[in-house]
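See structure below.
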Amino acid sequence: MADPPGCCHPCATCLLCLYSCQWITAKKEKRKGLRTTKCDCSWFLFLFCVFLFTLVWLYFAIILLNDFHNFNEFIFKQSKLWLDWSLVLLIATAMLITYSAVLLVLALCLQLCGQPLKLHWLHKTLLILTALVVAAAFTGLGIKWAEEWRSARISLQATGPFLHIGIVGGMTLLAWPLASFIYRTRITGLKVFLLLVYCVVMIALYLAPLGITSPCIMEENQLPPKPALVGHRGAPMLAPENTLMSLQKAVDCDVQIFETDVMVSADGVPFLMHDEELTRTTNVQAVFPERAALNSTTFNWTDLQQLDAGSWFLERRPFPTVQSLSAGDRHQATKQRIPSLEQALEAAKQSSISIMFDLRPENHSDYQSFVNATLEVILQSGIPLQQVLWLPDGFREQVKQQAPGIQQVYGRKRLQNEKEPLMHVNLPYQDMSSEEIRQYRQNNISVNLYVVNQPWLFSVLWCSGVTSVTTNACQVLKEIKHPIWLLPSSTYLMIWIVVDCASFLAILWAFLLLKKCSQRRRPAESETDVLLTKINSLMQE
């Protein structure tokens, strides 16, 4: 095969060396008569599929970042080892996508230069391993973290229009090597098959926006108010979670509700703590090593007050933001202790911030006494009851009778035959569609979704009309004054038409230009073939 204009022999030789792991010059390759076989084509197809597979996993990895702190906590509970596994995930994914992308680019360049696609066995082995690693990652995701599939569906509402443009652009660029291959090969059936598949894919992509929906495709005047912020355990990116410092940082972020978790000590004092064990967020292993694995409710209040609830935050750095804390904040963090519910209510009352909490553990044999102790503290605190939002389902009717002013928040959707209408619901963001959020909003039902950390997710929920979101990143969401993007439907329609037309014209130009180049090469190739035939005949005589 002759090299097309602009493809020099040194470049072709370099591409062959990288792709085939053999130093074969382009001229020597011709003398050896190397050609791309059906097996080589199969390996190229496999390479292309692995690249797409890895690219999809990269998309999922980026989506997972919103919820990865939960995964870090899960790993800590199992192994007692704290590490920001999101960095490991991103580095590994970047290595896999870079490797497969480089190989794919090499293969496409070799095809444009008219060189054989002889993939080395080492690359073949690494590609198979890449496919297995990504398949294992998807399998693990489906088994242990199935709700992230719903997160991916929500993410398409934020990225769908832009993914469409990117995929159309990528498939348009693919027209060049495809046209080059079609004009070189002499197998008619293969030509027809490749053209048919390519045309079907492009037509599907051109019509894809018919199935793309996003709440952010709306007019500017239809945009709902910005959702209120609920501080998940306060402001855990700026201070140790469930501490008074975290509550104050949340107030500084204009958070309207401080979300926390309450447990009750062995001597009946309600205090703030999320985990049933104290190992993650205190120095209990140093102070009470023999009791470190016990449930936090087995400790009395005097013991709990001896624990340091802030130094772990500086040592383990649960979020990257810890590195940017000022010297004053670092010193303040080391002074934090486990706060009682009474202290938290007093701080909330002074800051005019509401407090929403869950009472743990709900399966405790003495749970009713936990409810009674918590209610007693609330009623004695003097905080306006409308500032208290009650999440626990256990003994809810008793709470309504003893403290009717407390706002009842439900962790479920409303039922069809609901006797008492729900006023507040608190659900994972994956559990409600945009249509349900709009319907609840029309029925004056307050919807809070958790945990929302990424601006893209906050923007989608904002466009959907959610009332509030629970977040770890209040300092980030506070600065968002407008959804990341908002497009009127007429503007999106215009973008769709322009992109499709530009893509069609670019593909048409690629095929026509390469056809013209192919026709120019044919006479020279014919003369060369005749000359080689004559030389061969003379040598035989």
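Note that Cβ sites are derived from N, Cα and C of the backbone, with glycine treated the same way.
Here TrEMBL flags 227-481 as domain 'GP-PDE'. Summarising the annotation, TrEMBL assigns transmembrane segment to 41-65, 85-113, 125-143, 163-183, 192-212, 493-514.
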Of the listed stretches (41-65, 85-113, 163-183, 192-212, 493-514), which one yields the highest count of Cβ-Cβ distances below 8 Å with the transmembrane segment (125-143)?
41-65
Considering only Cβ pairs under 8 Å, which range in 41-65, 85-113, 163-183, 493-514 makes the most contacts with the transmembrane segment (192-212)?
163-183
Compare 41-65, 85-113, 163-183 by their Cβ pairs under 8 Å to the transmembrane segment (493-514) and return the stretch that comes out on top.
163-183
What same-chain residues lie close to the transmembrane segment (85-113): Cβ under 8 Å, and 6 or more beyond its ends?
3-4, 7, 11-12, 15-16, 18-19, 26, 44, 47-48, 50-51, 54-55, 57-58, 61, 64-65, 68, 71-72, 75, 119, 123, 126-127, 130, 133-134, 174, 176-177, 180-181
